[in-house]
Amino acid sequence: MRPDDANIVGNVHGGTILKMIEEAGCIIGTRHCNTQTGDRCVAALARVERTDFLHPMFIGEVAHVSAEITYTSKHSVEVQVNVLSENIVTGAKKLTNKAALWYVPFSLQNVAKIIEVPPIEYSGPEQEEAGKKRYEAQKLERLETKERNGEIIMSVSLPEPYTVAFSQSSLIHLIGPSDCTLHGFVHGGVTMKLMDEVAGIVAACHCKTNIVTASVDAINFHRKIKKGCVITISGRMTFTSNKSMEIEVLVDADPLVEAEKGKYRAVTAFFTYISLDKDNKPLPVPPLKVSNAELKCTVI
């Protein structure tokens, strides 16, 4: 486990472990479903049962991920995954995670086609019966969840197109060890990259076309951002010409560990973007619609 995999105190992120668990499940599920003749397939994750985080894992430890197929139905595979951490200095090992996942194999030739799963051999009827009960239970819960949540996303009332509110966007990022210098402060390049991403989202939302950065005005780094801060990068359209867009980007930092210091504005800048067609030629930019309230805020 490397610094990129962990939080600011060295504990490996749960998401990092979940990713490893899913990769192991996908590999063994895909391998099993391709042991028969016919369409080649890949196992797609359908459900994750309860995942237990028994002990923390730390930077410098080696993760051992093992996976085993414990039940198969006609169209699904149950995979049990265990994660062990090893301290390579002392040799000590401990079980850190246990998880159960369900996969469904889809044909590589036709992604809408579900492939039949070859059966596995069970150690006895009790093992098969227990697996069948788990299968029926998860199937019922999935159906109930689907019925409860529905498949239709409720429409949300959006601001009028081409207004400031329509395209404004924000991104939240936790400053980790890999973002920082040896002194524990964020690299300027990391901040600028995130600012450009937000500015790009604003430009793309406004134009609905391919967009590229044309220039960046002076970027002002008002205060340092320390490791462990949560930063919010906010962007809004401030001006459009026929061929370009100006986007204001603000970076606010929240020192979670030193909450008494409060949030503060760390970085500000203006980005200029242009809109391109499929041949990478400039396109006209839709004019920005500014309301009286927005115009008043801008003047203030």
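Any Cβ shown, glycine's included, is placed from N, Cα and C.
Please treat TrEMBL annotations as automatic predictions, because they have not gone through curation.
Residues or ranges marked as domain 'HotDog ACOT-type' in TrEMBL: 1-109, 165-279. Annotated active site per TrEMBL: Asn7, Asp196, in sequence order.
Distance from the CA of Asp196 (active site) to the CA of Asn7 (active site) is 24 Å. In sequence order, Thr213, Val216, Phe271 are the residues of the chain that are 6 or more apart from Asp196 (active site) and have a CB within less than 8 Å of its CB.
Of all Cβ atoms in the shown protein chains, 17 besides its own fall within 10 Å of the Cβ of Asn7 (active site). Across the domain 'HotDog ACOT-type' (1-109), DSSP classifies residues as 23 helix, 50 strand, 36 coil.
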